[in-house]
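**Q** TrEMBL lists these features:
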- 26-51: transmembrane segment (TRANSMEM)
- 83-102: transmembrane segment (TRANSMEM)
- 117-326: domain 'TLC' (DOMAIN)
- 123-147: transmembrane segment (TRANSMEM)
- 167-185: transmembrane segment (TRANSMEM)
- 197-214: transmembrane segment (TRANSMEM)
- 220-240: transmembrane segment (TRANSMEM)
- 252-274: transmembrane segment (TRANSMEM)
- 294-316: transmembrane segment (TRANSMEM)
- 331-374: region 'Disordered' (REGION)
- 334-347: compositional bias 'Basic residues' (COMPBIAS)
- 352-363: compositional bias 'Polar residues' (COMPBIAS)
Amino acid sequence: MAIRKKSTKSPPVLSHEFVLQNHADIVSCVAMVFLLGLMFEITAKASIIFVTLQYNVTLPATEEQATESAFLYYYGIKDLATVFFYMLVAIIIHAIIQEYVLDKINRRMHFSKTKHSKFNESGQLSAFYLFSCVWGTFILISENYISDPTILWRAYPHNLMTFQMKFFYISQLAYWFHAFPELYFQKTKKEDIPRQLVYIGLYLFHIAGAYLLNLNHLGLVLLVLHYFVEFLFHISRLFYFSDEKYQKGFSLWAVLFVLGRLLTLILSVLTVGFGLARAENQKLDFSTGNFNVLAVRIAVLASICITQAFMMWKFINFQLRRWREHSTFQAPTVKKKPTVTKGRSSRKGTENGVNGTVTSNGADSPRNRKEKSS
């Protein structure tokens with residue numbers, strides 16, 4: 001009687017793409033709950049806090065703007081609800097880009113596991129940096145920041161923002177907050193999590209600081225400058241993954257990275273160290289949002305300088321490591337000239353081949369030993 005063996009097959013493992021799609025579906029359902037809440041009068045008051053921008057004020061028309069009144073915004077605790085909703089939107093957009101763009105490219109290119117994760121990271125960040133650069137540049141042009149740089153510190157505190165300015169900051173905070181759950185959704189390696197947490201924390205610290213301290217004008221300029229340099233790096237890395245011959249983008253990025261750090265320091269010192277230091281109103285006032293005091297200015301400049309120094313230190317280490325790898329890979333092998341000696345030793349040296357490598361016709365081959373014994 002035959003004995004049936006028990007099946008030892010392991011249960012099916014869910015694929016990474018299925019897990020991502022499952023999380024995206026759950027997040028989409030949660031976001032739809034807030035949107036559907038706008039359709040009913042009972043839940044509309046609660047849902048509108050999550051979906052629309054809060055704390056708006058209407059300024060009456062002036063002599064310069066006789067026909068239109070200005071609609072401006074300030075920040076408050078309700079902005080956390082708005083950031084949470086758009087964090088869900090960022091997760092959904094992240095999943096769409098991953099499924100319909102990056103995963104299709106990965107299937108064609110057949111990347112290794114290391115390149116696969118780096119390609120996904122650069123693909124997501126390059127899309128975000130490009131969108132933020134275009135949007136931020138449009139705000140800079142529309143509000144005349146480029147033609148009049150004194151707007152960075154003139155009429156501080158900048159506690160009232162236009163719709164585009166506030167929505168830009170809400171979107172930035174929402175995106176970088178969404179990066180925390182994405183560490184789990186993307187199944188990031190444990191050794192990469194500390195690095196990810198450091199740069200996510202730095203982004204949130206500086207963006208939230210500029211938003212809460214009413215330095216949104218300076219923060220917008222510095223973000224656009226920084227995002228442009230980062231976009232160039234990640235787009236160069238995408239081209240490098242497709243073909244390792246494309247390395248010119250990294251050289252251009254290296255130059256712009258150093259220039260970007262210098263411009264960041266110059267604009268920060270010019271705005272905080274000179275512009276705000278010479279302002280008439282230098283009293284701490286939470287009701288008007290005035291934080292133009294010496295201690296705050298020192299803290300702002302110190303955080304910016306320390307961050308720029310940290311980035312330059314990482315950049316220098318990266319360039320040195322890349323230079324060592326490049327020099328090691330292209331180091332020419334030094335050919336040793338065979339020493340001419342008399343008798344048997346010279347013939348043996350020539351038969352052993354170039355650079356001391358033993359060839360099939362070498363003196364120590366089994367065939368030659370057999371001939372000598374005969």
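Each Cβ is built from the backbone N, Cα and C atoms, and glycine gets one as well.
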**Q** Counting CB pairs under 8 Å, which listed stretch among 123-147, 167-185, 294-316 touches the transmembrane segment (83-102) the most?
**A** 167-185
**Q** So if I exclude everything within five residues of the ends of the transmembrane segment (220-240), which remaining residues of that chain have a CB under 8 angstroms from its CBs? That is, six or more out.
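**A** Answer is 118-119, 121-123, 125-126, 129-130, 132-133, 136-137, 139-140, 145, 152, 165, 168, 172, 207, 210, 246-247, 249-250, 252-253, 256-257, 260, 263-264, 267-268.
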**Q** Between 167-185, 197-214, 294-316, who has the most Cβ pairs under 8 Å to the transmembrane segment (123-147)?
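**A** Maximum Cβ contact count belongs to 167-185.
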